[in-house]
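J.: The following feature annotations were taken from Swiss-Prot:
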type	residues	note
DOMAIN	33-182	domain 'Ricin B-type lectin'
DOMAIN	225-341	domain 'C-type lectin 1'
DOMAIN	652-791	domain 'C-type lectin 4'
DOMAIN	1252-1375	domain 'C-type lectin 7'
DOMAIN	1543-1662	domain 'C-type lectin 9'
CARBOHYD	135	N-linked glycosylation site
CARBOHYD	345	N-linked glycosylation site
CARBOHYD	529	N-linked glycosylation site
CARBOHYD	843	N-linked glycosylation site
CARBOHYD	865	N-linked glycosylation site
CARBOHYD	935	N-linked glycosylation site
CARBOHYD	1077	N-linked glycosylation site
CARBOHYD	1104	N-linked glycosylation site
CARBOHYD	1226	N-linked glycosylation site
CARBOHYD	1393	N-linked glycosylation site
CARBOHYD	1594	N-linked glycosylation site
CARBOHYD	1627	N-linked glycosylation site
TOPO_DOM	28-1667	topological domain 'Extracellular'
């Protein structure tokens, strides 16, 4: 569309220039995916992470300050590989760096220059730290620019090949421990690739990145003859816009086809996909079909069945069937493969088509730039017109650029072509190829809406133009129209040819206007104020700017500004005139902010408008002089013009509006459908020029319905020509800030806008940002299904298509729609209660009843708007009140709506409604009132069309009086699913009989696990009708739901969640496939089936019964003649088939349908050979599925499929009406497992027994399961089924997995299978008295002390145990469990003879198991208290012995192995024995202590983690007692503290605890202030300390030494200051880098270690104290002698005994008298 006359080569090159004018097309360096710094405007600092906090530092370009936008609006920091996030669960310190897969809030969006996330937290800077605050105005910018952080949004990078079907990259993605934020290269992939999900290692989803490439290498195929390169994305399935963006991101475009040769090349590709997108679209409002690369649309190959002139619901994108080469219009949101295309030759110089050239023509001809034009006054056919032009030496007009179109529209027709005019464009080919009659090349096409519409296989086709834009239309060449002739004129060489413009240099003429560029950059308005009024004028200005600025990026001021900073832009006064805004040409994401002035850009976005700062920004100017008076503007509608009936307005509006909401329409629609709906009425979706209009518009709408609504408006950017800018669908220019910056994200795909309308008054309680939430719009994907509003100018009359049902407003104005009912508010006359009831009845309605919170809220709001706050209005009491929650206050909820007054009268007002509805009123009071009609009148005539009801057409499948349609919508809510079915002219399925149930089941294969059916009700009402209004006469709810206490969560503010809706379950092989579940209607489930009714009943699913019919993998044939069972066998053999075996619910349902429709029973291949004890299939298949009738009074040996679909026994010699034969195809059932050796019983009326290995299983749902069923009752039931059956036991992991598989067939409605575990003799065992040799408890060893518990196997394979302590939990367990019985066909051999013995002798020790949850240290202590040790292993036999203990116990157990420096080489046994045997092959798990798991798995765990027990052993031989000397010269031991022992001149003490080095020093100081960590002076002391540790061993042989290395001189020294005169380093650490040291007591060597790592024993050392004991004894003896002497003297004085003195006695102090013997143990 952008060229004049160019050659084919130049036309091909034109593509690149046009693409380069797109902001979306540039290579990745300008795509917005590049890293940047984040600058705080006030401080100029940049933020960066520091230990997961975010701090502000001086800016630099280093990696530690670089950030990047990545997928899902996350900010990724390059160096830390983390994302900026907010943990809203924390009140403070909530902003941090998180892993990019964290569940905290990681998304960020921009609002002007601020950055915000969830709950309106904004990024702020406080005291040098980045914080999140709800009250901040901090401004953030990209480093090196004035742009906000979202100025260049993140662009998706799409993929090909791989296994992601073209989905875009997910950045960052995780591989190993590295997060990648860009595509990566490696040898395993053919090009740069990325993951398409967050974790590549988990999902393994990937694709080759589609990045810009120069030339046609790599993914591209070159065709030099055509001059283009092609990229065939055959496995990549995208929507049209996604495919378009994928091509654009590579500097290419979607496929366009311009000749039969190119069509043949594309369709001739052998490996091309069957259907591929074309770039053909009509996404630009008010324009026709065009190529997305803007090449002329002159070649066409439409499919004959494609409506290129869409009616309501039409499509605006095109695809090609590559087998036929035909083009089809399809929904732009459908998913197709695609082909990208780009030109080979990228060089192009466009011809000058805009320079004014003075031209001379004959009288009556219009001169313009070298050509002469003549508009004929007469009408002729195209051929006659062509001949007449030839007679003038001219030809019919050809147009090659917008400059030519402008001449036609503005000069020939004065701005409006009111009647069609012939052009010289004509097609005589099939496929169509349009050519100019003058032989010039077609370089421009300018099609009108829905054009070119070429009749199939009918030529010739000719082209006319019409309308204000002069757009083109295909017409019959015989039609008589006026025409324009064109010929070359005489170019005048006169220098005064531009005399219309001022004589100054630089003025350029365009039409009757002159323009000049002022080359000095200046602020806004310095030179002049340029106005731009049309697309033609914009194109001319682009030409001027491009010629002026061919290399630099300059800006040129326009006169557009927002003087009041309201976000509303208008032209400044120019030449004394202020013009209205009639045209806009914004760049993408513009207008970005209010209060600015608008400049035009150059370069790759030539001519696009951008908002700039009026004062600080400097740009060039273009001044404009108009030589002739401006034409008066067309008469606009007046505010007081009337609106049509049923349309609404507000005083300041020039438009009328009509709302199409879900209560009044058949279905919600996507944006295109809604716009075409409005166009069919002569209207458009709404447009706005001022923000005040929006508020008034929302105020107008919010009283017309209840609840929150999203409504389509006309704002969109669907067309590639818009280059990412917004436009209104009615061509109203965009003159205001229409989209908040926060909603400009995802601009590549979200191309249509909707406005939110909701009620305000009730929201103040819980909404903090009411003004923002009150009414705003945001972009949606255009395929979203929403309600909409149509807009028509005031004074206009809407069109009335046949399908439209115009609204009758009524005498009291338009109704308000609330929850599916119409309400009229009758303000006059005032009547009493009974009169009001009669008045409503006379108008086919009722006095309004309030039954819900939503209804109350909506009515209250309406009353507040139309009457005084205290004005009372009559309402009616509810006859069947619905129990609903609603908000009574901020503190409490009212659980019962108080509408239960019977015949009493009620009124309410907007202010006192709560009091009003709680008391009776005076029934005779005269009041206004509210009438209600329950069935809303639809604005669309939706009742199934009689013609459509005759038969089921196209993809609809007939059954009886219904048609069923398979659809695949993905997960949707119930209301969305219902709307989708409405869009097909149907409803969700209603299941009215067993026959319909079977038919639906037969359609279920390949569908999702759960799908909606048309049943909806509340928890407080009885289910009695389907959504198609049919009575509920049949139900098939899953038996597990019977009697179950139901708990479906509801969202208080989501009305839909208060309703329950039904699902049909697709459980694959399960016999319960087809049963119904129910859930909240707001949940999302699959929609797979819709239905509609047909007047003709289809009674035969296949017409000819002699014909074989395929269903799934089998061929079936019905023999319709009387047969015995054996006769049926022979008949099937004659057909080389078998009597049918039914092995799954789908086959059963399919065949049951045949029996139902024919009302005939049929023999099937099931019979008994042992007098009805067991039944089997005649072809030897396993009986794994059954459908026995509930009662079968008489048992016989053969089986029929009866007319009700159930199996019943019959006498084999009876004649039945027929039989079903089949030929099995590829078997769908799994092959019988090799280990399934058991032959299971198969009695009548029993669920089939399922074989696995040597056992048979029966999974049951008991009839009274909602009542308590004890394990004993389950055991009794099993014994009744079979004498050898018992309740379920599980012997190994394979059996556990098998049972889980069976449980999952219940689709999580059942959560457990009950296990047959009982409690006897203080231990758990199976009901058959065998031991639990295999267990899989969820929480480890259960703590059970009695038999009051239930055990069950869960859907995740773990075993759960539930005690009877909590009644609710026990009942929940009962109601969500199924029972299972088991027959072990081979007697189970209990290898261990029951439970594990308490003591187990082995070699020189006795072993026992601590059977309780303990840490490693607790286990060590428990073993020690019983006089033993944790077990150790020293040879393979010992390893097998311990592993056997663990296997028999069934739980992971601690052993005595630990490491205290974190390395495997330092493992030690806690009993002090040598680590001389390694019992594992590898031990990679973290942790310092070792657990032995069942199956012989040795694993490292954290020593403080809790395990299910430990293995202890106690040696049979006692340890040898060793004594050490305790000296009085050593300190006295503190209470419970270690004893001091003497060696040489020092005392030594050690506790039984492990310490770090710093702790060891502290411990010694606490024992005695002069004690230090042990120092060693010689070999003897070294041996003493080592022996002391071995004899008092505990956990480890590592002992801290008080020897450390100085950092300065690297010398070693003892902590007590002594010189280092003796060392004994082990060889392997002699040159180690540790600065501390330990003694290894086992080999008496020293090792260098790091001071801060590991743990060891602490030995403290202190010098001997002086010996004061002898002195004390002597002093005590002397005192005693003194006392004795005094006593003797006293006695002598009393008895006068004579003193003779003491005998001579000598006392000698014993050398060892102060020594005691302390016991110790020796190995």
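Yeah, the Cβs are placed from backbone N, Cα and C, and that goes for glycine too.
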J.: Say you check the Cα of residue 1594 (N-linked glycosylation site) against those of the glycosylation sites 529, 1077, 1627; which is nearest?
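T.: When the Cα distances are compared, 1627 comes out closest.
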J.: If you count other Cβ atoms within 10 Å of each one's Cβ, which of the glycosylation sites 529, 1077 has the most?
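T.: Per the Cβ count within 10 Å, the most buried is 529.
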J.: Looking at the glycosylation sites 135, 529, 843, 1077, whose Cα is closest in space to that of residue 1627 (N-linked glycosylation site)?
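T.: Checking each of 135, 529, 843, 1077 against residue 1627 (N-linked glycosylation site), the shortest Cα distance is to 135.
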J.: In the domain 'Ricin B-type lectin' (33-182), how many residues does DSSP put in helix, strand and coil?
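T.: So the domain 'Ricin B-type lectin' (33-182) is made up of 9 helix, 60 strand, 81 coil.
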J.: Counting across all protein chains present, how many other Cβ atoms fall within 10 Å of the Cβ of residue 1627 (N-linked glycosylation site)?
T.: 7
J.: Measure from the CA atom of residue 135 (N-linked glycosylation site) to the CA atom of residue 529 (N-linked glycosylation site) and give the result in Å, rounded to a whole number.
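T.: Per the Cα atoms, residue 529 (N-linked glycosylation site) and residue 135 (N-linked glycosylation site) stand 40 Å apart.
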J.: May I ask for the distance between residue 135 (N-linked glycosylation site) and residue 865 (N-linked glycosylation site), taken between their Cα atoms and rounded to an integer number of Å?
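T.: So the Cα of residue 865 (N-linked glycosylation site) lies 34 Å away from that of residue 135 (N-linked glycosylation site).
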J.: Quick one: what's DSSP say for residue 843 (N-linked glycosylation site), helix, strand or coil?
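T.: Residue 843 (N-linked glycosylation site) sits in coil per DSSP, no helix or strand.
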J.: Could you give me three numbers for the domain 'C-type lectin 1' (225-341), the DSSP helix, strand and coil residue counts?
T.: 17 helix, 41 strand, 59 coil
J.: Just going by other Cβ atoms within 10 Å, which of the glycosylation sites 135, 843, 1594 has the emptiest spot?
T.: 135
J.: Consider the glycosylation sites 345, 843, 1077 and say which one has the Cα lying nearest the Cα of residue 865 (N-linked glycosylation site).
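T.: Smallest Cα separation from residue 865 (N-linked glycosylation site) among 345, 843, 1077: 843.
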J.: Hey, which of the glycosylation sites 345, 865 is the loneliest by Cβ count within 10 Å?
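T.: Checked 345, 865; of these glycosylation sites, fewest Cβ neighbours within 10 Å: 865.
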J.: What counts of helix, strand and coil residues does DSSP assign across the domain 'C-type lectin 7' (1252-1375)?
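T.: Helix/strand/coil tally for the domain 'C-type lectin 7' (1252-1375): 32 helix, 34 strand, 58 coil.
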J.: Give me the DSSP three-state residue breakdown of the domain 'C-type lectin 9' (1543-1662), ordered helix, strand, coil.
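T.: Going through the domain 'C-type lectin 9' (1543-1662) residue by residue, I get 27 helix, 39 strand, 54 coil.
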J.: Using DSSP with the three-state reduction, classify residue 865 (N-linked glycosylation site) as helix, strand or coil.
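T.: Helix, per DSSP.
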J.: Can you tell me the CA-to-CA distance separating residue 1077 (N-linked glycosylation site) and residue 843 (N-linked glycosylation site), as a whole number of Å?
T.: 42
